């Protein structure tokens, strides 16, 4: 009887030791998995942080590049609203030094400036509509790109409809503030745009703002006759998110500002009609 009990006790003791070993091994395995997960999470965090740093660093490079350009070539800079509204007289006035700009890049065709919001950039034109999506006026590769004319526009701002493109940047630069025109309350207080060129300054008034597909009929630029152009003007006015109450005629020249939206298939369009022209004498 004694021998039998001792054997039974040893047997149970052996099982207990084995169970302890298994549990210890499981705990070691779990600890390794926890450490591995922690290492992976840390690696993901560091990679994400580096990517964010790279993105915002590139954004800032573009901001600095364009800020420095304004300091160098915009001859009458002001942040005062009334000064910006009244600085143009009834004669041509040189606002931007195009002599300096042309020495920097011959692809600079003009300068766009909104009266009341901080959009003020050179307008580029390349041999396609892709290059200046990814390059600044200095031909530096940058995700901010440039504000640029449709490459097919040969008449520049004398055409019936001049398309101008720019990125909808998350930091509000380039055309990042155009989306504010989705709200009529914003439009009511911010209706005017200036285009400066080497020989003339043009003032435009916004008359239509809306979201459209990137391949929509709003992107038409050639019109076989005045009737077709009239139909086009009516169409884009009807597309507007709100009524601006502005009357148009086939004698009018317009600009169309296009930027991307959160939906890659859509674009946000802002159309403006020329209301004043000041030519160099």
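Heads up, the Cβ atoms here are built off N, Cα and C, so glycines get one too.
Residue ranges 36-53, 54-71 are listed, and TrEMBL annotates 36-53 among them as transmembrane segment. The two recorded residues, residue 167 (active site, proton donor/acceptor) and residue 260 (active site, acyl-thioester intermediate), show a Cα separation of 6 Å.
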